[in-house]
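*Asks:* Structure incoming, see below.
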């Protein structure tokens, strides 16, 4: 039984797949988004104990997401190759949503850390803005409204760093590792479906090439068989005539590849003719039992 014969049509698995991509995964992603909001709130307010608990709860949601994505993988691997394009179209939206949610969660903390470092390193520069003509009024220096607003928003947006002596610092590292693993799982899942489709396309190309080769090979074998059959009586006559008698009889059949003979030149020729007819009948029987291979021209026309 071939690998594809063990798989099933998409319509048989579609209800289960739709349940995951329409209900299960979106529910997990919504729960993860709420964890992200709570984490941001507790970290901004420096409520480290609550933040630690939220990190743990978010980690459980991430693990549930990973488990559900693996279940979808198992279902997708059972789908027949004919339905892979439709399957890919079906799962792409939820895959992209999961990837974006994971990246957003990781990016929030990353940007906050980088911004805090930038504020620390550039503290003196921020206190002494560059001078321009438009910024000097009556000898007093003023920052532009846009720059002041930007600095204010940056300070509000950036989350405070978690103290290393807090449990929340360690729990964040664990959650971060889980999020990265989830992101990699989503990427691998996407590559799995794409690689299956590429494999099918490659197989189709090889099948087309093989069909051309088989078609040409069949023609060449037919020609060779005809030449071989035509040579059998002549070779039988020549060797049978040279040897003569019962030995010539056997030699005539040896050339044809079968032990039978009639002896002498004429008998050698006759032996070759008999074998020619026998092989001809075998070829006709074999040819009639084999299905005709469709030519590439017929395939293109159809």
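In case you wondered, yes, glycine gets a Cβ from its N, Cα and C as well.
According to Swiss-Prot, the record shows the following:
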MOD_RES   2  N-acetylserine
TOPO_DOM  2-228  topological domain 'Cytoplasmic'
MOD_RES   41  N6-acetyllysine
MOD_RES   157  phosphotyrosine
DOMAIN    162-224  domain 't-SNARE coiled-coil homology'
REGION    229-275  region 'Necessary and sufficient for localization to autophagosome'
TOPO_DOM  250-254  topological domain 'Lumenal'
TOPO_DOM  276-302  topological domain 'Cytoplasmic'
MOD_RES   289  phosphoserine
MOTIF     299-302  motif 'Endoplasmic reticulum retention signal'
*Asks:* What is the total of other Cβ atoms whose distance to the Cβ of the residue listed as 'N6-acetyllysine' is within 10 Å?
*Replies:* 14
*Asks:* Along the domain 't-SNARE coiled-coil homology' (162-224), what average pLDDT does this model show?
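*Replies:* Summing pLDDT over the domain 't-SNARE coiled-coil homology' (162-224) and dividing by its length gives 71.
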